[in-house]
There are 6 protein chains.
Amino acid sequence: MRPSKRAADELRPVSLERGFSKHAEGSCLVRFGDTHVLCTASLEENVPGWLRGQRRGWVTAEYGMLPRATHERMRRESTSGKPSGRTQEIQRLIGRSLRAVVDLQALGERQISIDCDVIQADGGTRTAAITGAWIALRDCLTWMRTREMIKTEVLKDHVAAISCGIVKGEAVLDLDYVEDSAAETDANFVMTGSGGIVEIQGTAEGKPFTEAELGTLLGLAKGGIARLVDLQKQAIA
Amino acid sequence: MRPSKRAADELRPVSLERGFSKHAEGSCLVRFGDTHVLCTASLEENVPGWLRGQRRGWVTAEYGMLPRATHERMRRESTSGKPSGRTQEIQRLIGRSLRAVVDLQALGERQISIDCDVIQADGGTRTAAITGAWIALRDCLTWMRTREMIKTEVLKDHVAAISCGIVKGEAVLDLDYVEDSAAETDANFVMTGSGGIVEIQGTAEGKPFTEAELGTLLGLAKGGIARLVDLQKQAIA
Amino acid sequence: MRPSKRAADELRPVSLERGFSKHAEGSCLVRFGDTHVLCTASLEENVPGWLRGQRRGWVTAEYGMLPRATHERMRRESTSGKPSGRTQEIQRLIGRSLRAVVDLQALGERQISIDCDVIQADGGTRTAAITGAWIALRDCLTWMRTREMIKTEVLKDHVAAISCGIVKGEAVLDLDYVEDSAAETDANFVMTGSGGIVEIQGTAEGKPFTEAELGTLLGLAKGGIARLVDLQKQAIA
Amino acid sequence: MRPSKRAADELRPVSLERGFSKHAEGSCLVRFGDTHVLCTASLEENVPGWLRGQRRGWVTAEYGMLPRATHERMRRESTSGKPSGRTQEIQRLIGRSLRAVVDLQALGERQISIDCDVIQADGGTRTAAITGAWIALRDCLTWMRTREMIKTEVLKDHVAAISCGIVKGEAVLDLDYVEDSAAETDANFVMTGSGGIVEIQGTAEGKPFTEAELGTLLGLAKGGIARLVDLQKQAIA
Amino acid sequence: MRPSKRAADELRPVSLERGFSKHAEGSCLVRFGDTHVLCTASLEENVPGWLRGQRRGWVTAEYGMLPRATHERMRRESTSGKPSGRTQEIQRLIGRSLRAVVDLQALGERQISIDCDVIQADGGTRTAAITGAWIALRDCLTWMRTREMIKTEVLKDHVAAISCGIVKGEAVLDLDYVEDSAAETDANFVMTGSGGIVEIQGTAEGKPFTEAELGTLLGLAKGGIARLVDLQKQAIA
Amino acid sequence: MRPSKRAADELRPVSLERGFSKHAEGSCLVRFGDTHVLCTASLEENVPGWLRGQRRGWVTAEYGMLPRATHERMRRESTSGKPSGRTQEIQRLIGRSLRAVVDLQALGERQISIDCDVIQADGGTRTAAITGAWIALRDCLTWMRTREMIKTEVLKDHVAAISCGIVKGEAVLDLDYVEDSAAETDANFVMTGSGGIVEIQGTAEGKPFTEAELGTLLGLAKGGIARLVDLQKQAIA
């Protein structure tokens, strides 16, 4: 039995609240159970230096946590002087995941910055962030289309993410903090609406895992991501 | 007529939502109109080095803004490498304001850290932060009392804050962003429930102001803070 | 009786020594008793990026303390990696105070940087700095006028500053370090030669202060600043 | 045909040169073709603060590149002020991979720091680093055993790593820089001597990849890592 | 003819003003012509970590320049985030020079920090700083002896420093800024009262210099330093 | 007898291995005994801002040490946030030394960056670095000449460097780490192929040294550098 009483392949209650932020071109407060992440999309009319003049745009992401989003208060990253390795790893992952479904040519020479700020954390913040960021990005692109800034389709597909893991020998979907802390293997999957794999990150925390276990985790993830994509479709309907 | 149609001495709609954060010992989402600030209180069982062994506690505050809390996206402070002068000025003000109503001896050798994070900004973030922080601090102290960590009264009084300003020649209360940008004089007042002044910061943005104008602003502030203190009382009732 | 034997409304001996620095376009060593601050004005033929092309100039200030200006040696800010919150608060105050009496259009698209470096500290360094910085700025503008770089009047008025406070229940003017450490209320006032208020910063260090006490402090400040403006007039005569 | 004329499942020439460094307790210059990484193991008689008093040791890793290890000179990280996100990601990966085969209890309350410095880069620096780091770590442990600092077996298994990718539609093993730049999918695998998976990181650079492709890449990796483990065995024989 | 009309072996007017700083245990404002450096000595009752428990003390130095000490305003080092290479080079030189004449055992487990802050610069700031720092250090030691903190002689000799250089083919002593900028060879000498050499730093700015030229410069330096030591003796008489 | 059994005027075995790095325009692994430094020359087609438009080029140097190049592991400079004072001092010295034999006009508006990275340290890293850097620079210039990027002679002479010191009262050449740690006087000399002095840095670590001792050290250095220049000539033959 999982601590949350969920079935092995059961997601936590997920909600996607659009338009949470008054100022952003697109925004979404995503909740995976007690994990709450505010995703905003900000349009900027210039691109990073290395991309200038190439008639292509860019989508990038930044990730942060409020100091008391977690059980113990964490030091604010602005006072420690630099984003931690973990923060940078996550924001690079979010950016790559979104770019996998964006036609950067069609976007034009502009940048969309996605900020994913964890208001409350209970495991799976990066997967919630990716899932909510897709909504913020999509609404930003709709905002641009309304203003005739883009003409052709920029967004090629949905993208969503979920964690899986092996906890006490059992493969389970969408780990909360308690399960995450106890997992022998921890894996994050990012997949598109049409089922393509964008990113797999699997780590043995304790003993190494087998090819068969990897297959089981991948199966769980496919099911979970299909449901997240459905929820994205409902949210934008 | 004010852009928001308010009377000169009228506050924006104010709400104080307690217990917004699952993990913090005390928390409050405070809204002054479209300005939304999440205040959390975190109890830590040690004090800064310079206070050790003195049988007194400490209350400190940190302030941050989500990058897209504002109309234009701002650079994240963790990537710029240090909190800005404005950020430091505000967090020092919040800390001083709260300590003015706290009996640090009665708190015992512990620190309470108040984090005030602006989720959405529309002027007056520092005054909203102080007003909401008092609730978070109060609920943290209640949490401690329930656990018999403190015995005597730690909190001596309410504290709340409001901005006033002279806009187009007229003295007005609780400026929003549009008024704030146009104000000739901008002043922030921090006062206790019993009407004592904790802090005054008045700045002429354009031409210098007179003693009489200072009096008018102080009068507006007294009224506004009295109403904020009433709202604090209702919130904790 | 004050530790320095001064009357409640008595300034410390003040001197304003012009031309202290060989290289600067304007300079002044200001002394408020044992508080000594070197103020230099440096003309730069370009403005900050956000002001470019607007046919307006800028006046900014930086503040520093020599490590052994104080009773205990302080860590050098260049080794701690960034200016402290206090330093930034003070330099922002000095800049705002000077800009309040400068016609930035008349200055033309140039920047004057005022450096205020505390050679020796005994309380009131920020108020001494503002008072001396006005002289350095004025001499820099005279230097420019001699070279026909400016034509119309850039400086609209004098500006000077003084601290007041409530020490052992009595309101006093121009606190030295000993009084400052013991003050229940501490307030800094910046006013123009014609008596307009540019900035008020009043803080209750212990118990909150009343409206009546604020009035008394303001009265002391008006008298003190009038005398400082007289001394500025004598210095430039 | 691959640019290097290698078969799809062929490694580059691999060498493991032990004892490259005079001072380190263990060291190895590992070469995967033109990728050369110097790995050193340094024994330190204390552990990070969060581990103190727990009778367990720690193995950590740091990763760096000489500025001209790459085709274009890169900025030295000590002048940019902090390790980049990529650097941190890699050094966390190396540390996790090694700890997966270390009995931290048996190590005792000590830390072994593995430095992996890229002398010359031609793709696959992180996989070469892990493979060589295992040798440096193993020789450091032998050095300790000689001095009777450890008694039981600390190293539980071999660990090695290899990259795979899909380049022009074909799955290939051990990508060099030219292939890496053109890969549609890029994956790194870390596995033990007994074939357990320690870490999988698979990223679609262009279009998403399928479950079948993941299977093919995993198959290639298993073969490659088995050969690397054989080379490790020869090196220490 | 030198720009300053001085003879080749002539120092600028030198003054050593003791007790310039109210708070420091020892202080000296040293002037070499228009180069003015404030040197303060601060006694601290603990030593750097690496020296603890060795019954020896330490003398260290820090060096800074006020932003407008020079002809063009320089960026303040606290805002650039770290002391420059030049600053660090100079402060290491000052520290080494003073330690050469100090008996660190006799000092006891304490540190004396010498701060050398350039109020106005016109060439030769490091040599003026060393010469003045000796006075500040000496007065700090006298202060300690008065309080019976030290018993035996801590200061073994005088130390002073001077620059020499080859300007337009001629060897000259004590270069001011104009000469320094034009020098083909620039050398700094630190010597003791008894004529021992503590440090030589000679640099060819243009073409290399010869052994004979080095000899000439050394001869000039010996004469100059002898006069500086005389001035130190007069100052403390 | 020296610990290494060398005669007082004997160099350690020196080797200069050209073309060590595949990517750099010029490179050399220089070995002075157990001190091994990799020097690479990187051509960049732009110059620092302050040199732009002056039709002159620039040669600069950076210096680093692998963390375990030394007996005890040192903290990586990228994690400490900035190059140490020692590092900056050395890289400034290397840059100055090379520029002394380069015709910057003839180089054209380009920069050559020399990276000197210590792979293993046993004293004398800066002198080895200068000696090897000359080879890397020379090969970079040859590379440019082959591509007709430069026409006239850019390199005016050889430059090499050696340390000398007084150890247990005896003047010796090319100190290794053991001697360096025990030296009473430590001096580094940089000289050209034609015997001109580019830089002298002599420091008394214990008691001051005399003019006669300086002469002896200079004599040793002249001999040592003549042999290093011979080895450079053989290496490029």
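One-based numbering along the chain as shown.
Just so it is clear, glycine is given a Cβ too, placed from its N, Cα and C backbone atoms.
TrEMBL has this to say about the protein:
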BINDING   D:ARG86, D:GLY124, D:THR125, D:ARG126  phosphate binding site
DOMAIN    D:10-140  domain 'Exoribonuclease phosphorolytic'
DOMAIN    D:159-222  domain 'Exoribonuclease phosphorolytic'
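All features noted in TrEMBL, drawn onto the structure.
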residue: D:ARG86; record: phosphate binding site; Cβ contacts under 8 Å, 6 or more apart: none
residue: D:GLY124; record: phosphate binding site; Cβ contacts under 8 Å, 6 or more apart: D:PHE32, D:THR35, D:ILE162, D:SER163, D:ASP174, D:LEU175, D:ASP176, D:ASP180
residue: D:THR125; record: phosphate binding site; Cβ contacts under 8 Å, 6 or more apart: D:THR35, D:VAL37, D:MET65, D:ILE90, D:VAL118
residue: D:ARG126; record: phosphate binding site; Cβ contacts under 8 Å, 6 or more apart: D:TYR63, D:ILE90, D:LEU93, D:ILE94, D:ALA161, D:ASN188
Task = Taking the residues D:ARG86, D:GLY124, D:THR125, D:ARG126, which the record names as binding phosphate, find the longest CA to CA distance and state it in Å to the nearest whole number.
result = 13
Task = Starting from the Cβ centroid of D:ARG86, D:GLY124, D:THR125, D:ARG126, which together make up the recorded phosphate site, report each further residue of the same chain whose Cβ lies within 8 Å of that point, ordered by sequence.
result = D:TYR63, D:ILE90, D:VAL118, D:ALA121, D:GLY123, D:THR127, D:ALA128, D:ALA129
Message = Please compute the mean pLDDT of the model over the domain 'Exoribonuclease phosphorolytic' (D:10-140).
response = 94
Per DSSP, three-state class assigned to D:GLY124 (phosphate binding site) = coil
Structural state census, the domain 'Exoribonuclease phosphorolytic' (D:10-140) (DSSP three-state) = 42 helix, 41 strand, 48 coil
Key: Secondary structure content of the domain 'Exoribonuclease phosphorolytic' (D:159-222), with strand meaning DSSP E or B   = 18 helix, 30 strand, 16 coil
